[in-house]
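Here's what Swiss-Prot has on this protein:
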DOMAIN    2-27  domain '4Fe-4S ferredoxin-type 1'
BINDING   8, 11, 14, 47  [4Fe-4S] cluster 1 binding site
BINDING   18, 37, 40, 43  [4Fe-4S] cluster 2 binding site
DOMAIN    28-55  domain '4Fe-4S ferredoxin-type 2'
């Protein structure tokens, strides 16, 4: 699964690209639900700061 690191700027680009809606707005940044994530990598491909990383 992918996780979003602290470089997240909460732009929301990743959430719009997730085909399974695994990405939601958290308190300070976006969060990926590891149980829902299908490891497609769309979030990492569109993130302007490279915050999503595969675990």
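For all residues, glycine too, the Cβ spot is worked out from N, Cα and C.
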Surrounding residues of the domain '4Fe-4S ferredoxin-type 2' (28-55) on its own chain - C-beta under 8 Å, 6+ positions past either end: 1-22
Env. residues of [4Fe-4S] cluster 2 site, Cβ within 8 Å of mean position of 18, 37, 40, 43 Cβ: 2, 14, 17, 19, 20, 22, 23, 32, 38, 39, 41, 42, 52
Other parts of the chain folded back onto the domain '4Fe-4S ferredoxin-type 1' (2-27), taken as Cβ under 8 Å at six or more residues beyond its ends: 33-34, 36-55
Local Cβ density at residue 14 ([4Fe-4S] cluster 1 binding site) - other Cβ atoms counted within 10 Å: 24
Most crowded position, judged by CB atoms within 10 A, among 8, 11, 37, 43 as binding-site residues: 43
Helix, strand and coil residues within the domain '4Fe-4S ferredoxin-type 2' (28-55) as assigned by DSSP: 5 helix, 6 strand, 17 coil
Of 18, 40, 47 (the binding-site residues), the residue whose Cβ has the fewest other Cβ atoms within 10 Å: 40
